[in-house]
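Peer 1: Sharing a structure here in structure tokens format.
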Amino acid sequence: MNDKVALSPEAQAGSHCPPAKYETLYRHSLEDSDGFWRDQARRIDWVREPSVIGNWSFDPVDIKWYEDGVLNLCYNCVDRHLPARADQKALIWEGDEPGVVRSLTYAELHGQVVRMAHCLKAAGVSRGDRVTLYLPMILEAAVAMLACARIGAVHSVVFGGFSPDALRGRIEDCESRFVITADGGMRGGKLVPLKANVDAALEDGPRVDAVLVIRHLGNEVASTGRDIWYDPEAWADAGELPCEPMGAEDPLFILYTSGSTGKPKGVLHTTGGYAVWTAATFHFVFDYREGEIFWCTADVGWVTGHSYIVYGPLANGATTLMYEGVPNHPDFGRFWDMIDRHQVNIFYTAPTAIRALMREGDDPVKAHNRASLRLLGSVGEPINPEAWRWYHQVVGDGRCPIVDTWWQTETGGIMITTLPGAHDMKPGSAGLPFFGVVPELVDAEGVVLPGAASGNLCITRSWPGQMRTVYGDHERFVQTYFSTYKGKYFTGDGCRRDEDGFYWITGRVDDVLNVSGHRLGTAEVESALVSHPLVAEAAVVGYPHDIKGQGIYCYVTLLAGEEPSNGLEQALRQHVRKEIGPIATPDHLQFTPALPKTRSGKIMRRILRKIAHNEHDALGDTSTLADPSLVDSLIEGRRNP
Ligand code: WT7
């Protein structure tokens, strides 16, 4: 299990961070944190350089970095590259259909961002306003994010796979008065009706001042009085629009993510610390070299897309590739075909995609040359060693190091990973802490576990990319992350540290599911189920799934007098899709006359989890159940995943 895969000499050649340098820098980052992060802040061009570096406390919770610094992140991602990189490609885009390609040089990106910024201003968007983006994976998604950053507006990107209801909740929560969407998007040959979804979300719902609609597919869509059809040409002669000077602690974006309780939280990231964190992690972790093509397959609706399609790469003056579609369209060779056609050097994807492609065998991979690849990355969930080895041996021909990057929406950027020039790798382990990151393992009581141990993963010190608050609910921020173990940031993940100090993430220890790398709260799926008129109660747990990592298993109790049926099962599935989106579709639905509860009425999820995992012999103590006989009927009614 602890077998190391050594870095090849080729992998180490020219690296930004050989082993000794990692040791020195890591030590420096702990012993002189302010000095270290002052140095790293030089990756960014400041309007006013910060004199205060870290100023934070986890008890009481108050986090600031570079607080008196002034900067603009759009300037750092676009304008400052113009003297040296005007004609270098900043973004390359490939559509859902192979070979449909567009790109923007840094000069062109600048032009597009300025035009959209003009349009946003004319629509009434001012500094500090929230703007909701609900877009396909198109160049305009990156342009819109940068245009918001340019004028100091706070973007809130909502993944295009979320339903109108989910979109409405996210517009309401941050009181966003502006939405940017597109007529539609294409994924695997299927049209995603984004504009129609926006109209549905806004029906009888939140009042917004304007919906900016980008023409992407040119399909027929309904218009309303609040729509502004975006025409970049109309702004071609509007002239320069200078970047708004922002305080380092001014909000940059909100991104909603699921927790173990209640509605999704608006994770708030601010400008200066996030800029430094994404710029530094991109540089070191992907060991980015001048002229290379970087491809991260995430959607900009997730934090991975924010940090490693848009901000991290562009802050480094890189060329970043965006892909509209899915890994298996038109066939399972699509990724490898694109890698060859675009000569991709660094490829960053998720274990769920790797497993799905691995299942198709080696032929679709070997049909392509992949010689341009230098480095491979993985993110989103633990990667099983079998998938890791396939990725390494077959996709990377054994040549390319793999970085298995552990992080979260909340962390802003990568936290634990090996560095490609510095460390040997262990398949299945994320590796070692990035500079400034101090992980700690604790047991359920909060006792710190030294050395090789397994426990709950906390981070003891702040880092510049850390989220600052839950939008509109600072108390929830404190409660969620800093109250379980006082004075520490609790990640919600379980983890093992081995004798070499390598970290092995074992998955969430709270009621958060990771389904195909998408984060979902069991509570969200439960509340979607109980919002159906025939459902009395529901309990949702995860179970191991070969491709998705985790599948969604739902136990449902109907109102008295209602009978389970296949039709109702289908209706409930549909209902959850409508409430949240296709990513939350239940894999298994088991009707049960009651849920197992303690005498005080608490649902015993442990038992439900064991039954869903098919571990009936390891149910543990069931004597505290109000009705122990229920267990047999639950086992009997179990659906075979
Ligand atoms: C959760 C965060 C990080 C961007 C994408 C997901 C899991 C993430 C890894 C990894 C094991 C991982 C954790 C974490 N996770 N990366 N390399 N190895 N687990 O961001 O939606 O905020 O989810 O994803 O459980 O807590 P997210």
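Cβ coordinates come from backbone N, Cα and C, glycine included.
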Peer 1: Determine which of Asp424, Asp493, Asp498, Asp500 appears in TrEMBL for the same ATP site as Gly380, Glu381, Pro382, Asp404, Thr405, Trp406, Trp407, Gln408, Thr409, Arg508, Arg519.
Peer 2: Asp493
Peer 1: Taking the Cα atoms as reference points, how far is Trp407 (ATP binding site) from Lys602 (N6-acetyllysine) in Å?
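Peer 2: So the alpha carbons of Trp407 (ATP binding site) and Lys602 (N6-acetyllysine) sit roughly 32 Å from each other.
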Peer 1: Between Thr405 (ATP binding site) and Lys602 (N6-acetyllysine), how far is it from one CA atom to the other, in Å?
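Peer 2: Spelling it out, the Cα of Thr405 (ATP binding site) and the Cα of Lys602 (N6-acetyllysine) are 36 Å apart.
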Peer 1: Nearest of the binding-site residues to Val535 (Mg(2+) binding site) by CA-CA distance, picking from Gly188, Lys190, Asn328, Ser516, Arg577?
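Peer 2: Among Gly188, Lys190, Asn328, Ser516, Arg577, Arg577.
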Peer 1: Using DSSP, what's the helix, strand and coil tally for the domain 'Acetyl-coenzyme A synthetase N-terminal' (22-77)?
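Peer 2: Counting residues per DSSP class in the domain 'Acetyl-coenzyme A synthetase N-terminal' (22-77), I get 26 helix, 13 strand, 17 coil.
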Peer 1: Taking just the CA atoms, what is the gap between Val530 (Mg(2+) binding site) and Arg577 (CoA binding site) in Å?
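Peer 2: Arg577 (CoA binding site) has its Cα 13 Å from the Cα of Val530 (Mg(2+) binding site).
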Peer 1: Rounded to an integer, what is the Cα-Cα distance in Å between Thr304 (CoA binding site) and Lys602 (N6-acetyllysine)?
Peer 2: 36
Peer 1: Based on the record's binding annotation for CoA (Arg187, Gly188, Gly189, Lys190, Thr304, Asn328, Ser516, Arg577), what whole-number value in Å is the widest Cα to Cα distance?
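Peer 2: Greatest Cα separation within the listed binding residues comes to 24 Å.
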Peer 1: Quick one: which residues besides Val530, His532, Val535 have a Cβ within 8 Å of the Mg(2+) site's Cβ centroid, in sequence order?
Peer 2: Ala528, Leu529, Ser531, Pro533, Leu534, Ala536, Glu537, Ala538, Val556, Leu572, His575
Peer 1: If you compare CA-to-CA distances from Gly189 (CoA binding site) to each of the binding-site residues Gly380, Pro382, Thr409, Arg508, His532, which comes out shortest?
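Peer 2: Closest by Cα distance to Gly189 (CoA binding site) among the binding-site residues Gly380, Pro382, Thr409, Arg508, His532: Gly380.
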